[in-house]
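Here is the structure we will look at, set down as structure tokens.
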Amino acid sequence: MENALKFVLLCVVVAVTSGADEVPVVNAEYDFGNTRVLEYRISNTLRCNASNAKGPPLPFAWLKDDMELENSLKYRIANNQLTILRTSEEDIARYTCVLIKENKAYATRKDIQTLGKPTAKIVSQGTFIQGQKVRLECVTQGKPTPTIHWRFGNETLKASNGRIKLSENEKKIPNAVLTIESAEMSDRGDYYCYASNTATKELNITVETSSYVRVKDKLAALWPFIGICAEVIVLCAIIFVYERKRNKAEMDESDTDISPDQKNTPDHGKDSVRQRK
């Protein structure tokens with residue numbers, strides 16, 4: 001009797017379950033945990049899919065910080081995808097994909113938290129004169145705000161290292177600005193900036209950029225002038241030697257133009273004058 005009762009209850013449960021509307025399971029694509037890492041200035045696509053769904057695929061609605069999104073110049077919604085065009089800092093947020101059936105949203109949904117992959121670029125004058133102040137700024141972007149580290153050669157630079165100092169920039173990012181109070185010839189070389197945040201650590205990637213610093217000698221600006229002066233002196237010397245040789249040649253030529261008879265003929269002019277008196 002007891003076994004028969006259990007069988008009847010099991011049949012009732014199966015009948016109720018088969019008649020109920022089965023709710024699909026929503027899954028999302030992540031880079032790690034429940035997070036996607038987005039890259040700036042390019043298009044990034046978020047994806048969700050529904051498993052155990054019967055019938056045709058169901059559409060998804062997309063939310064950004066609980067606000068529903070629509071197709072626009074910024075967002076493209078197609079099938080189970082949300083494409084973010086020209087991703088910027090403002091696009092780093094929490095996105096949610098929700099299944100829709102008969103204009104009603106299922107209770108099942110998936111949140112996708114996004115992070116911004118850091119970018120880095122060194123702004124520098126490039127060439128400095130010996131004794132001049134050197135200033136390099138590592139311009140970064142990322143969410144959460146990246147941590148910045150500097151390296152010169154094989155040496156990791158610290159916040160205070162003699163003539164070299166690290167300070168925050170206008171955006172209050174620590175160590176973003178590297179300054180050298182008085183440049184020396186030994187300061188020439190490649191300077192590297194590294195930007196890291198949660199995204200780089202979780203994905204085990206490195207974001208770096210470099211800039212070559214040139215340091216010229218203090219007298220570097222005088223060398224062209226000195227070179228010009230040397231050229232002028234050499235040219236004047238050549239002209240002087242040439243003119244001297246030419247004058248000597250003309251004098252020798254004038255001597256050879258006088259005949260031997262003219263050289264040996266005595267001067268009788270005075271005697272003739274005296275005889276006439």
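Using N, Cα and C of the backbone, Cβ positions are placed for all residues, glycine too.
Keep in mind that what you see is a predicted model, and the values were worked out from it rather than measured.
Copied from TrEMBL, the annotated features are:
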- 1-19: signal peptide (SIGNAL)
- 24-113: domain 'Ig-like' (DOMAIN)
- 118-204: domain 'Ig-like' (DOMAIN)
- 221-242: transmembrane segment (TRANSMEM)
- 248-277: region 'Disordered' (REGION)
- 264-277: compositional bias 'Basic and acidic residues' (COMPBIAS)
Helix-strand-coil residue split for the domain 'Ig-like' (24-113), DSSP-based: 3 helix, 50 strand, 37 coil
Summary of DSSP states over the domain 'Ig-like' (118-204), given as helix, strand and coil counts: 9 helix, 46 strand, 32 coil
